[in-house]
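Notes for the one structure printed next.
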Amino acid sequence: MKLSFCFFLCAIVLFSFAEARINPNQLKRLRELVRDDEPTYCIELGERCPNPREGDWCCHKCVPEGKRFYCRDQ
């Protein structure tokens with residue numbers, strides 16, 4: 001049972017990426033779905049945040065201050 005489910009899931013993923021090679025917009029959407037680096041919460045005002053290029057982690061906006069980034073209301 002588990003083996004057939006795993007095979008079925010792998011087939012869907014492979015088909016999706018094969019289809020995405022033809023359609024660049026679908027590839028972008030698949031990459032966003034596959035990424036699992038976004039938290040289930042947002043970082044509050046005044047707290048440090050990672051580089052905004054790595055994802056939108058702030059409740060408001062992540063702005064640079066020197067070499068670090070902070071969540072600010074802008």
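The backbone N, Cα and C atoms fix where each Cβ goes, glycine too.
The annotation signal peptide is assigned in Swiss-Prot to 1-20.
When other Cβ atoms within 10 Å of the Cβ of CYS59 (disulfide bond) are tallied across all protein chains shown, the result is 15. Here Swiss-Prot flags CYS42-CYS59 (among others) as disulfide bond, drawing on experimental evidence.
Under the DSSP three-state reduction, CYS62 (disulfide bond) is assigned to strand. Annotation source Swiss-Prot lists disulfide bond at CYS49-CYS62 (among others).
Cβ neighbours within 10 Å of CYS58 (disulfide bond), excluding its own Cβ and spanning all shown chains: 21. As annotated by Swiss-Prot, disulfide bond applies to CYS58-CYS71 (among others).
CYS42 (disulfide bond): 14 other CB atoms within 10 A of its CB, across all protein chains. Ranking the disulfide-bonded residues CYS49, CYS62, CYS71 by other CB atoms within 10 A of the CB puts CYS71 at the bottom.
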